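A short write-up of the structure that comes next.
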Amino acid sequence: MVKIAFNTPTAVQKEEARQDVEALVSRTVRAQILTGKELRVVPQEKDGSSGRCMLTLLGLSFILAGLIVGGACIYKYFMPKSTIYHGEMCFFDSEDPVNSIPGGEPYFLPVTEEADIREDDNIAIIDVPVPSFSDSDPAAIIHDFEKGMTAYLDLLLGNCYLMPLNTSIVMTPKNLVELFGKLASGKYLPHTYVVREDLVAVEEIRDVSNLGIFIYQLCNNRKSFRLRRRDLLLGFNKRAIDKCWKIRHFPNEFIVETKICQE
């Protein structure tokens, strides 16, 4: 008879098997714990990143708002201030044929202006509209006391004409403000006389960038010419002049008729 015998595990084998099971369970538990921690940490990092983005955007919004408000304050308090004035004067033209009739009543011609006077910049910008009852041209005029220059822009021709500022004729911006104030209040009788100046365009000016920002803005990209008084030109040939026009304005308590001639 053959006997089949089963070997029963010894105590040592049982102990080794138990240790293997415990080690496997321990590794599994640690893996689950680590996985849970990682899962908990990742949302925290995402939440922290979103919070930082929100704080950054909020800070940028405050900075942008501060720049806008600050810029508005700077523009309001530090930009040059100007006031637009309107006025009208009437003058007696002794050369008008109507006024040469014996026994006739004097006929006064009106001159209207709009002036942008900037005392801080020491400048006066005059707008002479199309006249209603005279043969003069509409024009934009700049009297720049800082640069000592006067610029005429003939709005019909589109050309600029420049000359040294004549302070014996042109009032300072402060005095011009007072003059327009009198005209507006009716304290000044706007019936006055006319002073004539005869000017000739002698040469073209290619670059007006050194004549100040205001004259540059008026005359840039336009044909510009230097003016001289006719009586100061030696050997001047009157027959060489074939085009003349007039601009009437009042830079003072009287009317100035600026006659400009050009070949």
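Just so it is clear, glycine is given a Cβ too, placed from its N, Cα and C backbone atoms.
Some features that Swiss-Prot has for this protein:
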| type | residues | note |
| --- | --- | --- |
| TRANSMEM | 54-74 | transmembrane segment |
| DOMAIN | 133-227 | domain 'BRICHOS' |
| DISULFID | Cys160-Cys219 | disulfide bond |
| CARBOHYD | Asn166 | N-linked glycosylation site |
DSSP helix/strand/coil residue counts for the domain 'BRICHOS' (133-227): 20 helix, 36 strand, 39 coil
Pairwise Cα distance for Asn166 (N-linked glycosylation site)/Cys160 (disulfide bond) [Å, integer]: 17
Cβ neighbours within the same chain of Cys160 (disulfide bond) - under 8 Å, at least six residues apart: Ala151, Tyr152, Leu153, Val208, Leu218, Cys219, Arg222, Lys223, Ser224, Phe225
Overall pLDDT of the domain 'BRICHOS' (133-227), taken as the mean: 92
CB contacts for Cys219 (disulfide bond) [other CB atoms within 10 A, all chains]: 24
